[in-house]
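First the structure, which I've put down as structure tokens, then a few questions once you've had a look.
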Amino acid sequence: MDPELRRPITELGMLKDVQIDGAGNVRVEVLLTIAGCPLRETITADVERALGAVPGTADVSVQLEVMSAQQRQELKDRLRGPGAARGIPFNQPSSLTRVYAVASGKGGVGKSSITVNLACAMAARGLRVGVIDADVHGFSVPGLLGISQAPTRVDEMILPPVAYGVKAISIGMFVTGNQPVAWRGPMLHRALEQFLTDVYFGDLDALFLDLPPGTGDVAISVAQLLPSSEILVVTTPQAAAAEVAERAGSIAAQTGQQVAGVIENMSWLELEDGSRMEIFGSGGGAAVAERLGTALGAPVPLLGSIPLEPRLREGGDSGRPIVLSAEDSAAAGALRGIANALAARPRGLAGRPLGVTPRS
Ligand SMILES: Nc1ncnc2c1ncn2[C@@H]1O[C@H](COP(=O)(O)OP(=O)(O)OP(=O)(O)O)[C@@H](O)[C@H]1O
Ligand SMILES: [Mg+2]
């Protein structure tokens with residue numbers, strides 16, 4: 001299985017030759033997509049392990065070579081379909097990917113933490129999930145997912161690193177060290193567009209975009225580039241935060257997007273005696289959902305409330321999201337519940353028959 005493309009190397013044209021002698025010694029020639037492939041050791045080890053498990057195998061030797069331009073083109077055609085026009089695959093009418101833009105009014109309410117946890121929870125259920133870090137200035141997804149590997153480039157195609165089954169891309173994977181990205185709106189738009197066109201995600205069940213706070217350039221670019229994306233609004237229970245969150249959600253009325261739901265974060269802290277301390281007050285999530293529903297003329301659900309939990313922060317710091325590192329915590333349970341609700345949502349009705357019959 002290719003670690004980035006997540007398809008068998010036999011299907012990708014990466015297996016050049018296999019020779020077996022009478023004593024069971026196997027010599028395999030594998031074609032890498034590019035010369036400096038960062039995963040050459042992983043691929044070698046995976047091939048050795050797979051062959052070692054075959055009864056009768058004696059020695060395994062793996063020779064790595066590099067694809068020719070022609071072979072690379074064949075690989076790209078196989079992935080994207082021959083001569084595929086380069087566009088945004090998620091906008092194709094045939095795309096079954098649900099695209100969620102995770103937004104908020106205020107900063108620091110937990111968008112990025114929630115994005116990676118929802119993605120990991122869905123991937124753990126066997127769904128195919130991608131994450132785009134659309135917070136170009138304040139990128140945080142690589143750290144939250146523990147990704148230090150740079151994406152592999154196959155000509156103009158970029159292969160996103162995979163962590164916990166989630167394919168993720170971030171501008172943070174392209175800058176060295178902790179360099180600031182000082183870009184204005186048009187550059188942010190271009191970066192996002194390139195992530196959507198040049199990064200090979202393959203077929204996804206869900207794609208999450210982690211937005212910067214507020215209703216600025218990026219939120220508008222997302223709406224333009226992905227008109228069928230739906231907004232997930234994150235807020236804390238505090239009235240002041242809820243008011244700003246409502247604005248972030250009601251941008252949907254202007255862009256024609258839908259709001260998939262509201263997620264309340266930092267809802268309470270469980271104390272040692274089991275009681276709940278509502279540090280940021282209460283009711284913000286429900287209030288935002290209700291007011292957005294009224295403003296947009298369609299019900300907006302409160303998808304869940306996530307408690308304050310030190311292990312959630314620790315999971316972010318260590319690059320192992322809480323839904324995987326502390327599965328039993330109440331916060332992980334709440335996040336899983338939201339992921340399940342999103343996974344179970346039927347696809348939008350646009351362009352599909354409604355299945356209603358008139359009463360006779
Ligand atoms: N439920 C929670 N319990 C404990 N800590 C949390 C919780 N949610 C978020 N945090 C912590 O709060 C901080 C902000 O979270 P995060 O970076 O996910 O927010 P954000 O909305 O993406 O911020 P920004 O607006 O800067 O992008 C992080 O340190 C994170 O670990
Ligand atoms: Mg963030």
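Glycine too: its Cβ is placed from the backbone N, Cα and C atoms.
Take a look at what TrEMBL says about it:
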DOMAIN    1-63  domain 'MIP18 family-like'
BINDING   Gly105, Lys106, Gly107, Gly108, Val109, Gly110, Lys111, Ser112  ATP binding site
Taking only the binding-site residues Gly105, Gly108, Ser112, which have a CB closer than 6 angstroms to any atom that belongs to ligand 2?
Ser112
Could you break down the residues of the domain 'MIP18 family-like' (1-63) into DSSP helix, strand and coil, giving a count for each?
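For the domain 'MIP18 family-like' (1-63), the helix, strand and coil counts are 13 helix, 17 strand, 33 coil.
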Return the count of C-beta atoms lying within 10 angstroms of the C-beta of Gly110 (ATP binding site), excluding that atom itself.
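Total other Cβ atoms inside 10 Å, all chains included: 22.
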Other than its own, how many Cβ atoms are within 10 Å of the Cβ belonging to Gly108 (ATP binding site)?
12
Work through the binding-site residues one by one (Gly105, Gly107) and point out the residue whose CB has the fewest other CB atoms within 10 angstroms.
Gly107
Which of Lys111, Ser112 (the binding-site residues) has the most other Cβ atoms within 10 Å?
Lys111
Taking the mean position of the Cβ atoms of Gly105, Lys106, Gly107, Gly108, Val109, Gly110, Lys111, Ser112 as the ATP site, which residues outside that list, in the same chain, have a Cβ no more than 8 Å away, listed in sequence order?
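Once Gly105, Lys106, Gly107, Gly108, Val109, Gly110, Lys111, Ser112 are set aside, the remaining close residues are Ser104, Pro213, Val234.
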Other than its own, how many Cβ atoms are within 10 Å of the Cβ belonging to Val109 (ATP binding site)?
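Taking every protein chain into account, the count is 25.
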Give me the non-local Cβ neighbours of Lys106 (ATP binding site): same chain, 6+ apart in sequence, Cβ-Cβ under 8 Å, ordered along the sequence.
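Residues satisfying the criterion: Pro213, Thr235, Thr236, Ala241, Val244, Ala245.
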Tell me, by DSSP, whether Ser112 (ATP binding site) is helix, strand or coil?
helix
